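Here the structure is laid out as structure tokens; the discussion comes afterwards.
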Ligand code: ATP
Ligand code: MG
Ligand code: FE
């Protein structure tokens, strides 16, 4: 069975194609992505109208590229991100998916973007056991409990303010490192001392029993630190600030993820989302999972950022799990809850 996935929730237009194998894994046949990230750079963040326009221009060429890569004319089923994401951006992918599904007469699955970030890991690391997933990107910071990819996902916690990737982008801008700031900040931090400045770790107190996160206090602490140094006329070490900020983010994310997995008694932690490209988040996750006896699964960076393959992988799990197709009348849902893996109408 061959499944196509279409993704357009943020600034990547992605079309992926996978072949479902009876052993519960997927084989990658095509991975075509067009990103509008460069067009947003001068605004310091994703501009929804620009993203929608870029999806409109990219969707048909990206679709053709994916079909050519896979060497097929039509898939057996088609899945698309129906939410969460930017309203106008989602509409482009969903409209295209409906048109192709109708024209090809193949079943249509309207799926949750967040579940795709978890499902994509099966391409590299095989069938997914019950796990805790930590999703960190420019738009999301979630801790999830996944028992089966074709079943609803339980949200254990999420950010109460900024997403982790967004905090990276905002602090990078403050330090004059450009957009998207995550990779630049990660590079700057390589030359810094991560214990130089004791930045706060939000929501890690004994009374924070839910697995939520907060990063806006940390962002403000970095801004106050920079201001106070400038006022005192003292030199600033960008590498030390970057390394200390990055340490605070990585510390909180990995500590809470490992705690959640241990509390629930699951043996696997899965990472997903573009910010998992961060070197310190990866290193600390490895260290702490090893210490806690957990298996860590991290997809390669290309599959951690938004792409169509992840949607194809989730679609394949739903089809194989016997889910009924969605209606072609299914509406986009920019605020879709992670508990809903598939939208029917
Ligand atoms: P969504 O939130 O819908 O998944 P997105 O476009 O915001 O979409 P991605 O494309 O998955 O998310 O990831 C981009 C984010 O990841 C940006 O915020 C970027 O700064 C961050 N990022 C990328 N590389 C790194 C890194 N090495 N360290 C920290 N953050 C990073
Ligand atoms: Mg992106
Ligand atoms: Fe995403």
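Using N, Cα and C of the backbone, Cβ positions are placed for all residues, glycine too.
Curation plays no part in TrEMBL annotations; they are all automatic predictions.
According to TrEMBL, the protein carries these features:
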- 27-312: domain 'Gcp-like' (DOMAIN)
- 113, 117, 306: Fe cation binding site (BINDING)
- 135, 136, 137, 138, 139, 169, 182, 186, 278: substrate binding site (BINDING)
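Positions of TrEMBL features highlighted on the structure.
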residue : record                 : DSSP class
113     : Fe cation binding site : helix
135     : substrate binding site : strand
182     : substrate binding site : helix
278     : substrate binding site : coil
306     : Fe cation binding site : coil
Rounded to a whole number, how many Å is the Cα of residue 117 (Fe cation binding site) away from the Cα of residue 135 (substrate binding site)?
-> 7
Cβ under 6 Å from ligand 2: which of the binding-site residues 117, 135, 137, 278 qualify?
-> none
Residue 306 (Fe cation binding site) sits from residue 135 (substrate binding site) (Cα to Cα, rounded, in Å) at a distance of 12
Candidates near ligand 3 among the binding-site residues 135, 182, 278, 306, judged by a Cβ under 6 angstroms = 306
Could you list the residues of the same chain, at least six apart in sequence, whose Cβ is under 8 A from the Cβ of residue 278 (substrate binding site)?
-> 168, 182, 186, 246, 249, 250
Mean pLDDT across the domain 'Gcp-like' (27-312) comes out at 95
When you measure from the Cβ of residue 113 (Fe cation binding site), how many other Cβ atoms are you left with inside 10 Å?
-> 27
Give the number of CB atoms, excluding that of residue 139 (substrate binding site) itself, located within 10 Å of its CB.
-> 19
Those binding-site residues in 117, 135, 137 whose CB falls under 6 A of ligand 1, listed in sequence order | 137
Chain-internal residues near residue 306 (Fe cation binding site), provided their CB is under 8 angstroms and they sit 6+ positions away | 7, 9, 10, 11, 12, 14, 33, 113, 137, 274
Those same-chain residues, other than 113, 117, 306, found with Cβ within 8 Å of the centroid of the Fe cation-site Cβ atoms are 7, 9, 10, 81, 114, 116, 135, 137, 140, 272, 273, 307, 310, 311
